[in-house]
């Protein structure tokens, strides 16, 4: 009877789990096998899936996927930059850079909510405390970047953004423990200097190095260096999706900016001004946010 009881203990106690129990002279072994009900999240179901804006590009070859993604980045970023400068060209709008960021965060939150509803897994995987930190950094990088255009012209801002890769690499070393060799560092320096030289080579470009604007864009780059690495680390650690990251980080950031503008009495003048120029402000801001989200 003792031997029969020992044999029975080796049977699976529940679906997907097999416990092997032996006598006191032997070790206890537990083997867990995922059941069908424990399906993986759709956004991590296959490392080969490349889904962009809800479109699965996995049926295309790797070079084609790369070409589509790179073309999309260039196209949307060009439109994004054009609309950003166009908004600040509206006479009287320059003092309202933080309000533009508030509107942008609001649109991003709506877009993220819509995208999250289109996927099967709607659970929040990344802790709320992490999102509060990411939201604060996101507010810093985008708010300071938008506000800097009130003091710098767009070509000058581009010159500083060309150096973004360098602080991002430094942040990767301290935050994620990444290691770069001399070839990586040399390539980053050459690329940044080459982009700056290319921008300055245009005879029509007249950089405007206003001290306040330079400080603002420099702080934005520092926040940018941290946020990218924090986002990457959090998404890898908790298997979070892009839509989840966008929804929670930007919605929390929206609350941060709204609270700040309310406390500094900067909300009412901005709303009054934009209500008199709805197309040039809210209309452009919608397209600006849409291309930025894409």
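Glycine is no exception: its Cβ is also placed from the backbone N, Cα and C atoms.
Owing to the predicted nature of the structure, the values given are computational and were not obtained by experimental measurement.
Among the ranges 37-57, 247-267, the stretch that TrEMBL annotates as transmembrane segment is 247-267. The stretches the transmembrane segment (247-267) and the transmembrane segment (131-152) are in mutual contact, each linked to the other by at least three Cβ pairs under 8 Å (pairs 6 or more apart in sequence).
Contact check: the transmembrane segment (131-152) against the transmembrane segment (182-200) gives fewer than three Cβ pairs closer than 8 Å, residues 6 or more apart, which falls short of the contact criterion.
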